[in-house]
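J.: The structure under discussion is supplied below as structure tokens; questions concerning it will follow.
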Amino acid sequence: MPKKVKPTGDENEEESVPCKQVKEELPNTLSVLNFDSPSSFFESLISPIKVETFFKEFWEQKPLLIQRDDPSLAAYYQSLFSLSDLRSLCSQGLYYGRDVNVCRCIGGKKKVLNKDGKAQFLQLRKDFDQKRATIQFHQPQRFKDELWRIQEKLECYFGSLVGSNVYMTPAGSQGLPPHYDDVEVFILQLEGRKRWRLYSPTVPLAREYSVEPEDRIGTPTHDFLLKPGDLLYFPRGTIHQAETPSGLAHSIHLTISTYQNNSWGDYLLDSISGLVFDIAKEDVALRTGMPRRMLMNVETPADVTRKLSGFLRTLADQLEGRKELLSSDMKKDFVMHRLPPFCVGNGTESMNPGGKLPRLNSIVRLQFKDHIVLTVGPDQNQSDEAQQKVVYIYHSLKNERQTHMMGKEVETEIYGLRFPLSYVDALKQIWCGSPVRVKDLKLGTDEEKENLAVSLWTECLVHVL
């Protein structure tokens, strides 16, 4: 039998309880966006811009401003977060630094006005009104169901973690100095109006956050006001600053961000070590020792550089001919830290298998495909040097919504299964998404076929038709 990566409840496969069904609709929702699928959601989010146009002309290239005069969309945006929400959330135990920051831009520098310990709404409101401070609320999708719904769809669409922050800024004030981020940014204006100024990047597609002094950024490439219902996108590295104009009401905007450390360079760093390890098993040249005292050289000798270049060409040639799934810590990290499937409620209820137990003549189909990754790697349970490769299936069905995007200091668990490498073809049959009869799975025995189906069913990864 395959083994679980992490125990996830009762392992008695013959017993079942009603499955906790994921709900796709919020009751009495104001939503004017299309949540039918990740693709339809993103299409409705950037409407009237076509998706093809967005990725061809704007994504990672230049900002996109979408200004709308749509009262229903403006009302929906306003429903996503408000100052009254902040009052109710403070009663749940918010802390400075972890959940909220209070800050103001003074003389081109960020001044943090946080207190210690728990955040009280009256103190936050006092700083907001009297000190004209911006209140930054971290990762509101932990508390607001509709933001969970939005970001879960976006994580499915991009295949990358999606975070968010809410910024509440009083009139005549600015929270942050000019800076650029290491993420792709979508701005949704929820309440009031905000003046945005964007500048050409000094570091295109930046990998780090950085504050830029006013004398370095030049003149704005864009200067405009956002109003409720408007959407702004800009690539990582875009220098920006935003302020609420004097004489107007306060402003609230939502920042949705994605694609942090999600470049080709990151993927290469993630996959190259496994590739070298595999090829070194077959190529004795990679197992020969380095020249004596090479690590003691101040500079790398030319012959060593040529040797390394030759090894890299060998790796490239070997990579092109490989069809095997590459082990990837990026895959594991994504599924481990992303949001669970959206459902109404607090999101902490575990999902349990329900319905018919799959048998040899049953027809099964994969579910929650966007929440599952399949990868091949060495068996971590083997301590000997000759580790056998196994297939790992990781999923996010039992992830904790409350810890989403809260940093590495929060302990997270990884859920899933591991199977012998001989199961990979049968798993690919199921992963295509079409219904498949259990007895038609590409495995050697009927017992293996049924065990595979039951194991996936126990984790709610397949259902019986």
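Keep in mind that glycine also has a Cβ here, set from the backbone N, Cα and C atoms.
Pulled from Swiss-Prot, these are the listed features:
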BINDING   HIS179, ASP181, HIS240  Fe cation binding site
DOMAIN    139-271  domain 'JmjC'
MOD_RES   SER309  phosphoserine
J.: Other residues near the Fe cation site, CB within 8 A of the CB centroid of HIS179, ASP181, HIS240?
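T.: For the Fe cation site the neighbour list reads LEU176, PRO178, TYR180, VAL185, TYR209, THR238, ILE239, GLN241.
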J.: Do you know offhand how many angstrom separate HIS240 (Fe cation binding site) and the residue listed as 'phosphoserine' by C-alpha?
T.: 41
J.: Which residue, out of the binding-site residues HIS179, HIS240, shows the minimum number of other Cβ atoms inside 10 Å of its Cβ in this structure?
T.: HIS179
J.: Write out how many residues of the domain 'JmjC' (139-271) are helix, how many strand and how many coil, based on DSSP.
T.: 29 helix, 50 strand, 54 coil
J.: Which whole number is the mean pLDDT over the domain 'JmjC' (139-271)?
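T.: Value for the domain 'JmjC' (139-271), mean pLDDT as a whole number: 97.
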J.: Near the Cβ of the residue listed as 'phosphoserine', how many other Cβ atoms are there if near means within 10 Å?
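T.: The Cβ of the residue listed as 'phosphoserine' has 10 Cβ neighbours within 10 Å.
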J.: Does ASP181 (Fe cation binding site) have same-chain partners at least 6 apart in sequence with Cβ under 8 Å from its own Cβ, and which are they?
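T.: For ASP181 (Fe cation binding site), the qualifying residues are ALA206, TYR209, ARG236, GLY237, THR238, SER257.
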